[in-house]
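Everything on this sheet refers to the single structure shown next.
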Amino acid sequence: MDRQNLETVLMENRKFVPSDEFKKRAHISSLDEYFTRYRKSIDDPEKFWGSIAEELHWFKKWDRVLNEEDAPFFKWFENGKTNISYNCLDRHLETGVRNKAAIIWEGEPGEQRVLTYWDLAREVNKFANALRNLGIKHGDRIAIYLPMIPELAIAMLACARIGAIHTVIFAGFSAESIRDRVLDCDARMVITADGGWRRGNVLQLKNIVDEAIQECDCVKDVVVVKRAHGDPFPCHIKEGRDHWYHRIIDEVSAVCPPAEVDSEDLLFLLYTSGTTGKPKGIIHTTGGYMVFTYLTAKYVFDLRPEDVYWCTADIGWVTGHSYIVYGPLANGATCLMYEGTPNWPDKGRFWNIIEKYGVTVFYTAPTAIRTFMKWGERWPEKYDLSSLRLLGTVGEPINPEAWIWYNKIIGGENCPIVDTWWQTETGGIMITPLPGCMDTKPGSATYPFFGIDVTVLNESGEETEAGFLAIKKPWPGMLRGIYSDAKRYKETYWSKWPDVYFPGDGAKKDSDGYYWILGRVDDVVNVSGHRIGTAELESIFVEHETIAESAVIGIKHEVKGQALVAFVSLKEGVKASPELEGELKHWVVKKIGKFAIPERIIFAADLPKTRSGKIMRRLLRDVSEGRALGNITTLADAAVIDDLKAKYEEG
Ligand code: WTA
């Protein structure tokens, strides 16, 4: 556990109260109401979740809300038949929501598109029919590698409509990462675009996919959305395998009856880094995930019919799945979607978008907030942000200083802030303020959401004030496993204590019962809200021909939250040089993507080890954070650490 984090958190006592005006209109406006409903949801989860699920459409009602017989392989809404695309689209077409904007999109170069629920339903139906025409069936896996354009949401919903399983790969991943994911889930198709705009340049996605699938025999078809419009970027179409999106949706019917899928049928896989070398395919199924994202989106963002809700995450991560696509659309909300970066053409782009579309709810990451702070107040101050009524954060702990800035400069001290703790694995928000009824403290995610039974445990499973975050009961949005690795699922999440879910985060509960999340306690580093496994990076380094050994650690970083530092020792006869450092960075880009490049690569003669040969990462952390070294009695060769210290300070 990070002592420094703990100390900052202990000093933070300020409380912020939602305004009477906000409270008056909120879905949940009193703490008593929260506590009463929370108690009921914990005492009788089946009754609670069953009644929420009734608000959505089921072709056939479930037999049982929760089946725990085969724990930790839980089943929610057992034998229920539904379809999430039906609930996100068709359900609204007979109501006033039909003509409301579902997606308001802005491209980085400045184009705008508005799709009403009716428009979106038509597009999804057409693409679903086109997928069927290409032979896609219920249960097939489809990889999606698209920029932030409406077709990304359309593709996901079209897969869901016919019972195909999507796995979205963030468009910053390299060809090799795509290949590994495609092979792991045996994907039958890849959906991509010729390119996507990023900071004024076109990222040539189709070329990356071509390289990725050279060795993937499982991929029979590639669908290509035309986004870069034939700019000087050649996009090769391989006859028979590749299909332009606009061609295959032309002349297909705009009616595609939704597949009546089982509640526990897989909806999607999403790969995330863990503590071992190989990313894991997190499994989410249909019914429980749908009910959970529907309810969390409604209450946490306090959605109202007139809201323009903007989540700035990329749909390639879980935040975009749950809170750009499924949760808000299940609620009939209007979502804003933006393709590009916040500093294009200048650092005011986000604030310009908020003013232009009258955004009311804004959900972003602490790392983005710290970047905005660095850019200065003059950017947001140029724009009218008074349409905002609620702010949110996700992805990493928010430091109180950034929280206060967000509240003052973006929220005008008039918007509650929901600091939402959750994970790819949890499917949706787990610990969060409900904005109309809870006082907030900067840096605390406050209380658990309905149905979430949280506690803080020590190593031996006893309740404690500061220790490991733990979840004692299953919840509908939970992961159902790791794709084709049931053993790893049990070991990673359910083996620390019996029948308790271990998320891998440290936490503290204060005297008001507020939770403070203190960051990862395992070998996962959270860089700008992106999870990177140190073991994954280490194994990538040793694959390089020059490297003998490597150890990667996370250190504190002012803007990114955490940054990576790699210590590497070279093979006999290889010399350290700036060129080699550049080559190694390039190697990481090739193997994972730009976002995983370490802040520093330190060439060491040797790495500090115990006498039994285990690398002492703790000492590397001490060196990197400039602290006095902890206990070194088990260190095999004390000279190693002096050499490292000198090298670290040099650079
Ligand atoms: C961290 C993102 C503190 C945490 C939705 C978790 C947070 C990991 C918060 C999951 C928060 C997420 N406060 N830490 N509000 N939200 N985290 O899977 O360490 O990309 O385990 O899901 O991010 O990251 P993931």
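Indices start at 1 and increase along the chain as displayed.
Backbone N, Cα and C atoms are what each Cβ position is placed from, and that goes for glycine too.
Unlike curated entries, TrEMBL annotations are predicted automatically.
The Cβ of Pro397 (ATP binding site) has 27 neighbouring Cβ atoms from other residues within 10 Å, across all protein chains displayed. According to TrEMBL, the feature ATP binding site maps to Gly395, Glu396, Pro397, Asp419, Thr420, Trp421, Trp422, Gln423, Thr424, Asp505, Arg520, Arg531.
TrEMBL lists 34-88 with the feature domain 'Acetyl-coenzyme A synthetase N-terminal'. Restricting the average to the domain 'Acetyl-coenzyme A synthetase N-terminal' (34-88) gives a pLDDT of 98.
What TrEMBL lists as domain 'AMP-dependent synthetase/ligase' is 98-482.
The N6-acetyllysine annotation in TrEMBL covers Lys614. Neighbour list (Lys614 (N6-acetyllysine), Cβ cut-off 8 Å, at least 6 residues apart, same chain): empty.
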Distant-in-sequence Cβ neighbours of Gly395 (ATP binding site), under 8 Å, six or more positions away: Ala313, Thr319, Ala365, Pro366, Thr367, Asn526, Gly529
Residues of the domain 'Acetyl-coenzyme A synthetase N-terminal' (34-88) by DSSP state, where helix covers H, G and I: 24 helix, 11 strand, 20 coil
Neighbour count (Cβ, 10 Å) for Arg520 (ATP binding site): 20
Which of Thr420, Thr424, the listed binding-site residues, has fewest other Cβ atoms within 10 Å: Thr424
Taking residues Gly395, Glu396, Pro397, Asp419, Thr420, Trp421, Trp422, Gln423, Thr424, Asp505, Arg520, Arg531, which bind ATP in the record, the widest Cα spacing (Å, whole number): 18
